[in-house]
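Peer 1: Copying in the features that Swiss-Prot gives for the protein in this structure:
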ACT_SITE  TYR201  active site, proton acceptor
BINDING   63-90, ASP112, LYS205, 234-238  NAD(+) binding site
BINDING   ARG198, ARG242, ARG260  substrate binding site
Amino acid sequence: MAADRTAAGTAVRRRQCRGGVRRQRTHVLSSATAGGPHPRNLIGMTVSIPTTPNTRLQGKRCLITAAGAGIGRESALACARAGAHVIATDIDAAALQALAAESDAITTQLLDVTDAAAITALVAAHGPFDVLFNCAGYVHQGSILDCDEPAWRRSFSINVDAMYYTCKAVLPGMLERGRGSIINMSSVASSIKGVPNRFVYGVTKAAVIGLSKAIAADYVAQGVRCNAICPGTIKTPSLGQRVQALGGDEQAVWKSFTDRQPMGRLGDPREIAQLVVYLASDESSFTTGQTHIIDGGWSN
């Protein structure tokens, strides 16, 4: 997951490609490729993820944060393939340019998710939205004794306060039209399953679940749904960066991740993106206030 600060409100030129989203082959995911440099494959499993254009989100406008890489990027592409027009935000201008080149259904904009005024301005310029996917997040590693006050404040600013700002900004437009789907990124780590050295991260992700359930309860009668996604360990660029930052034997770290997974592999961002499309679509119209665990059986 991408996170934290940018020069708010600076637009990135949208690149066009012929025919909307570029057609891609079905992506086949094997346990060896998804789990890092660890060859163990407990069940010989492959996952076929379709990438052909469809109409599941036809006519919907989606706002996605942290769309420059990982889960956010794959979700933006998946929503665009499903017929949505996507406003994709991030703090990385180069990543947004690369994303915009993939689809003419994606408009990109730099955004600091901790800047409430910038979020309000973005929604005023590009809204109203049918779908909000809050993907931005920050992972602090350590126990309560390792978490000083600045780390505590930063974690809440990015992981919780930013969702408060975005939800509050998009809700009036959703309520006015009597429809909307808000999808908030939580985590299995600590909020669902106790995980060592994820103290403040887990606290914030538990708060995301509470935020999501409260919004769902308040606006269910007005046609607005709100759900939380709780992934397990997903092989994203940010996870790779955290592994590198630990130093030491990187292969041993990757092995520790896959060893705790009953499926013998890590998740792929494209698998999470498929859940995002489902929750964004009318297929999930009877689903709200739920925590959707997608962790390969880790928390079972």
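Every residue, even glycine, has its Cβ placed from backbone N, Cα and C.
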Peer 1: With an 8 Å cut-off on Cβ distance to the ARG198, ARG242, ARG260 Cβ center, who else from the chain surrounds the substrate site?
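Peer 2: Checked against the 8 Å cutoff, the neighbours are GLN141, ALA189, VAL195, ASN197, THR233, PHE257.
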Peer 1: Taking the residues the record says bind substrate (ARG198, ARG242, ARG260), how far apart in Å are the two Cα atoms that sit farthest from each other?
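Peer 2: Across ARG198, ARG242, ARG260, the widest Cα separation comes out at 18 Å.
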Peer 1: Going by Cα-Cα distance, which of the recorded positions (ARG198, TYR201, ARG260) sits nearest to LEU63 (NAD(+) binding site)?
Peer 2: TYR201
Peer 1: Once the chains shown are all counted, how many other Cβ atoms turn up within 10 Å of the Cβ of ARG242 (substrate binding site)?
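Peer 2: Excluding its own Cβ, the number within 10 Å is 13.
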Peer 1: Far apart in sequence but close in space: which same-chain residues, 6 or more away, have a Cβ under 8 Å from TYR201 (active site, proton acceptor)?
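Peer 2: Spatial neighbours, sequence-distant, of TYR201 (active site, proton acceptor): TYR138, VAL139, HIS140, GLN141, SER155, ASN159, SER187, ALA189, SER190.
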Peer 1: Do you know offhand how many angstrom separate ALA78 (NAD(+) binding site) and ARG242 (substrate binding site) by C-alpha?
Peer 2: 26
Peer 1: At a 10 Å cut-off from the C-beta of ARG260 (substrate binding site), count the other C-beta atoms across all protein chains.
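Peer 2: 12, counting other Cβ atoms within 10 Å of ARG260 (substrate binding site).
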Peer 1: If one measures from the C-alpha of ALA88 (NAD(+) binding site) to the C-alpha of ARG242 (substrate binding site), what distance in angstrom results, rounded to a whole number?
Peer 2: 24
Peer 1: Considering only the binding-site residues ARG198, ARG242, ARG260, which fall within 10 Å of ILE234 (NAD(+) binding site) when distances are taken between Cα atoms?
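Peer 2: So the list is empty; none.
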Peer 1: When DSSP states are folded down to helix, strand and coil, where does LEU63 (NAD(+) binding site) land?
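Peer 2: The three-state answer is strand.
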Peer 1: Among LEU63, ALA78, ALA88, ILE234, the binding-site residues in question, whose Cβ has the most other Cβ atoms within 10 Å in this structure?
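Peer 2: The residue with the most neighbouring Cβ atoms within 10 Å is ALA88.
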Peer 1: Which residue among the binding-site residues GLY68, GLY83 has the fewest other Cβ atoms within 10 Å of its Cβ, if you could check?
Peer 2: GLY83
Peer 1: Nearest of the binding-site residues to GLY68 (NAD(+) binding site) by CA-CA distance, picking from ARG198, ARG242, ARG260?
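Peer 2: That would be ARG242, the closest of ARG198, ARG242, ARG260 to GLY68 (NAD(+) binding site).
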Peer 1: Would you mind checking how many other C-beta atoms are within 10 angstroms of the C-beta on ARG198 (substrate binding site)?
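Peer 2: If we count other Cβ atoms within 10 Å of ARG198 (substrate binding site), we arrive at 21.
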Peer 1: Around ARG73 (NAD(+) binding site), how many other CB atoms lie within 10 A of its CB?
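Peer 2: I get 28 for this one.
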